[in-house]
Amino acid sequence: MTARIGVVTFPGSLDDRDTQRAIRLAGAEPVALWHKDKDLKQVDAVVLPGGFSYGDYLRAGAISRFSPVMETVIEQAKAGLPVLGICNGFQVLTEAHLLPGGMLGNDHLHFICRDQKLRVENAGTAWTGDYRQDQEIHIPLKNMDGRYVADEYTLDKLEAEGRVVFRYLDFNPNGSLRDIAGITNEAGNVVGLMPHPEHAVEPLIGTGRTDGLPFFTSILKKLVNA
Amino acid sequence: MSRTPLDTVEHAAGTPDVELPWAELGLKKDEYERIVEILGRRPTGAELAMYSVMWSEHCSYKSSKVHLRQFGEKAPESDALLVGIGENAGVVDVGQGYAVTFKVESHNHPSYVEPYQGAATGVGGIVRDIIAMGARPVAVVDPLRFGAADHPDTKRVLPGVVAGIGGYGNCLGLPNIGGEVVFDACYQGNPLVNAGAIGVMRHEDIHLAKASGAGNKVILYGARTGGDGIGGASILASETFDDAKPSKRPAVQVGDPFQEKLLIECTLEAFREKLVVGIQDLGAAGLSCATSELASNGSGGMRVTLDDVPLRDSTLSPEEILMSESQERMCAVVEPEKVDRFLEICAKWDVIATVIGEVTDGDRLEIYWHGGKIVDVDPRTVAHEGPVYERPYARPSWQDELQADDANKLPRPKTAEELKDQVLKLVGSPNQASKKWITSQYDHFVQGNTVLAQPEDSGMIRVDEETGLGVAIATDGNGRYAKLDPYAGAQLALSEAYRNVATTGAKPLAVSDCLNFGSPEDPAVMWQFAEAVRGLADACQQLGTPVTGGNVSLYNQTGEAAIHPTPVVAVLGVIDDVARRTPVAFQEEGQLIYLLGDTREEFGGSAWSQVVHDHLGGLPPAVDLERERLLAEILISASRDGMIDSAHDLSDGGLVQAVVESALLGGKGARLVVPDGLDAFTFLFSESAGRAIVAVPRSEEVRFNDMCGARGLPVARIGVVDSDSVEIQGEFSLSLAELREAHEGTIEALLA
């Protein structure tokens with residue numbers, strides 16, 4: 001048996017097909033979900049992919065957060081459904097208050113696309129079990145509004161509870177506070193990050209690394225062994 | 001234009017003496033008289049609006065047409081060509097049932113006036129051309145040229161252009177995989193912002209821009225029509241800039257990439273369900289172009305009710321609606337029984353779609369407004385039978401003097417120290433420096449099929465996940481070479497792009513071009529244009545790569561000063577399995593570096609002559625197309641058979657530039673020996689064409705040498721991949737750190 005992992009397409013989602021491919025390469029079954037449809041088709045986990053949903057108008061993720069599909073995602077995430085938000089998906093998760101903090105424009109004011117070095121700071125979430133604690137990985141990053149911010153209290157709390165999942169290493173590409181690249185919720189089922197693991201799953205494509213594949217094998221193992 | 005009384009066809013027929021603002025709309029007197037002759041009466045305001053934009057240089061190619069014909073007349077036999085010149089974009093067979101469409105266009109003038117939006121909508125326009133052929137866009141490339149890198153205005157134009165290309169392309173989800181960035185004072189008041197796109201489809205999905213089948217509905221879908229970009233084609237793109245005239249910013253369109261992304265998905269879904277008979281995007285000349293081209297390419301006529309066009313601004317006049325270049329709009333011809341489903345798909349994607357007319361069994365294009373007929377024309381006279389000019393051309397008087405000013409006679413470095421300093425200066429000069437600060441503002445990874453992206457020699461995209469089939473594209477142009485000899489310059493642009501595709505392991509198949517020149521009303525410029533077209537057509541014929549389409553951009557000049565003639569050539573190639581691609585970067589220490597081809601003392605138009613002497617004169621490198629073909633065959637075979645692990649073409653900056661790039665990208669150095677018969681200076685800086693360097697694993701050396709020997713390609717073993725410096729034995733050594741500092745800091749320091 002395998003797991004069924006849903007990938008939501010919002011208007012303006014860009015990496016939805018790439019994410020489906022990554023899920024397939026990991027051995028799970030991707031299921032396309034549509035933003036206007038509340039039905040999650042009984043998937044075992046959901047990925048909110050990268051892109052510019054609603055053109056990032058108003059604020060990245062601010063409009064998608066009110067999509068019909070998000071009502072169900074929010075409800076089920078609170079009940080334990082594993083949810084991964086990549087880039088724009090991360091922005092949607094903070095807008096939906098499934099994750100704390102928010103994203104501002106990059107401090108250098110430019111879009112940035114690079115192969116980014118990260119450290120896995122929490123290998124205990126639903127999406128990071130196949131990494132080693134403190135493993136250093138390279139994952140492509142590409143964003144305009146990637147500067148993670150939160151108040152000091154929240155940041156301290158995230159750190160104290162081990163909820164910073166990924167940290168930028170060597171170079172902070174967007175001015176994120178405390179070099180935070182990704183975080184999780186209290187339960188560890190909801191993870192959001194700015195870099196794009198779905199772009200690092202095949203040796204020939206993109207940067208040629210496969211450091212992103214464990215995201216998808218992690219969740220698969222967790223679901224299949226559950 | 002007066003709006004009362006409504007200037008209908010009847011009204012026009014009854015009021016022959018009404019003066020119309022044809023000159024303000026960019027028409028010449030004889031052109032206006034020709035319109036009157038065609039119609040047998042004065043045109044209505046709406047008809048005048050249509051003719052003026054469609055007969056503009058930008059839309060009608062009236063100055064260039066007589067020369068462009070050569071691309072068809074000299075087109076080589078090619079099994080690969082599925083759709084040639086004349087459609088929205090050419091289509092090439094790449095095997096396994098796949099077809100690829102690609103095209104390069106200019107958005108030069110708008111990008112100078114308003115860099116962000118000008119460049120953004122350039123991407124938007126070329127992408128709609130690709131969708132209109134039935135293909136899913138898979139990548140974009142951007143050949144860019146700016147004024148001097150240290151000129152204050154370049155700091156206004158370049159960051160805006162780059163942000164605009166990124167802002168639009170990134171939001172569409174199209175990886176940006178190639179292009180160029182060139183600086184030269186000649187582009188100061190006239191930057192060249194060319195945009196290319198590639199799309200992939202199955203053979204059976206090719207769509208064409210034609211309206212056939214009486215009763216079929218004409219559906220306008222996408223953004224509402226606004227007052228932006230009115231006269232973009234006629235007033236902005238078809239005239240030279242002049243300080244005395246008012247700002248042309250309102251003639252620049254404003255882009256909404258989110259709307260375009262919806263347009264892509266909704267159009268592709270309509271194609272998948274086979275709902276579309278004919279399709280045309282709305283670019284230059286907006287509805288005037290879409291309606292007249294669809295109607296004239298089809299079998300019947302067309303009737304359109306302009307009142308049904310959804311507007312952003314209800315006060316727009318019919319003339320303005322016809323001329324508006326509002327972005328993100330398309331026009332589809334759909335059979336009546338499929339209209340509901342088409343509209344449903346548009347609604348699913350939140351795209352506004354409206355039936356604005358239908359195909360008729362007549363042969364007229366009729367447009368109505370408030371119940372009155374305001375246009376009644378033969379659509380061919382608007383779209384295809386515009387004026388054609390045999391512009392006078394003459395070799396400029398200064399050409400001989402320019403060519404006599406031989407760059408080979410410039411003072412050369414006398415000591416090893418001087419040679420080393422010039423190498424550092426060259427690789428750190430704006431044109432030769434790393435463009436990472438620019439390209440890192442573009443998404444390379446989206447869609448998950450990018451095999452190679454800049455700074456590789458060509459961008460490469462996987463087309464089929466199962467078989468590994470891929471396509472490669474390279475764009476090249478060298479205005480300095482073309483200024484010295486436009487015929488050879490165009491051929492060198494093709495040679496370089498062809499070579500770049502082959503260097504990555506792909507087989508060159510077809511060509512698109514963007515021909516950027518000054519004013520066609522200047523006989524010297526017209527001569528440059530004629531020579532470049534002749535050169536390119538001849539070379540395409542010899543290399544067997546047909547021109548599938550492209551774009552001409554004229555009037556690129558400020559006052560009397562024209563830009564360097566700048567033919568930019570895009571070559572598309574195919575590779576059976578992207579796993580066999582060859583990257584630029586050195587891979588492994590100890591691998592042998594070979595120089596392929598002949599190196600001669602050729603410095604005319606070279607980067608060295610520009611960087612060290614600020615000189616442009618002499619002759620460009622000699623063209624040898626048969627050598628290019630042989631070199632390409634060797635590179636493709638070597639890549640397919642696993643004989644080489646890296647390869648890099650030699651072009652501007654010569655061998656040293658190529659070696660430094662391969663070294664820095666791979667994080668590995670090189671130890672080189674000047675081969676017999678060459679001096680160190682010529683070895684490092686010559687820009688002889690038809691050359692490449694490759695890195696050969698020792699285990700493959702014999703096989704590789706045998707192959708080159710058997711086919712008669714001169715090769716020289718010039719060194720080995722080394723650890724952390726580039727050393728020219730007996731001359732100098734530079735650490736990778738020194739080279740990196742020189743090569744990678746320049747652009748950011750000047751422009752960030």
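Cβ from N, Cα, C; glycine included.
From the candidate list B:Q253, B:Q399, B:Q403, B:Q422, the residue TrEMBL records in the substrate site shared with B:S106, B:H107, B:N108, B:H109, B:R128, B:E325, B:S326, B:Q327, B:S553 is B:Q253. Residues B:Y61, B:D513, B:G550 are recorded by TrEMBL as ATP binders, and the candidate that the same record lists for that site, out of B:K28, B:K29, B:K103, B:K436, is B:K103. The two recorded residues, B:K103 (ATP binding site) and B:D281 (Mg(2+) 2 binding site), show a Cα separation of 14 Å. Using a 10 Å Cα-Cα cut-off around B:E105 (Mg(2+) 1 binding site), the binding-site residues B:Y61, B:R128, B:Q327, B:D513, B:G550 reduce to B:D513, B:G550. In sequence order, the binding-site residues near B:N551 (Mg(2+) 1 binding site) (Cα within 10 Å of its Cα) are B:Y61, B:S106, B:D513, drawn from B:Y61, B:S106, B:N108, B:D513. Shown in sequence order, B:I85, B:V104, B:E105, B:S512, B:C514, B:L515, B:V547, B:G549, B:N551, B:V552 are the same-chain residues outside B:Y61, B:K103, B:D513, B:G550 whose Cβ sits within 8 Å of the Cβ centre of the ATP site. Counting only same-chain residues 6+ beyond the ends of the domain 'Phosphoribosylformylglycinamidine synthase linker' (B:24-62), those with a CB under 8 A from a CB of the stretch are 1-2, 7-9, 11-13, 15-16, 18, 68, 231, 233-235, 237-239, 284-286, 288-289, 292, 317-320, 322-323, 367, 369, 374-378, 381-383, 386-389, 520, 552-555. Looking at B:D281, B:E325, the binding-site residues in this record, the fewest other C-beta atoms within 10 angstroms of the C-beta turn up around B:D281. Under DSSP, the residues of the domain 'PurM-like N-terminal' (B:86-201) split into helix, strand and coil as follows: 48 helix, 45 strand, 23 coil.
Mean predicted confidence for the domain 'Phosphoribosylformylglycinamidine synthase linker' (B:24-62): the pLDDT average there is 92. Of all the binding-site residues listed here (B:S106, B:N108, B:Q327, B:N551), it is B:N551 whose C-beta has the fewest other C-beta atoms within 10 angstroms. Spatially close to B:G550 (ATP binding site) yet at least six residues away along the chain are B:K103, B:V104, B:E105, B:V511, B:S512, B:D513, B:C514, B:L515, B:A570, judged by Cβ distances under 8 angstroms. Secondary structure at B:H58 (active site), taken from DSSP and collapsed to helix, strand or coil, is helix.
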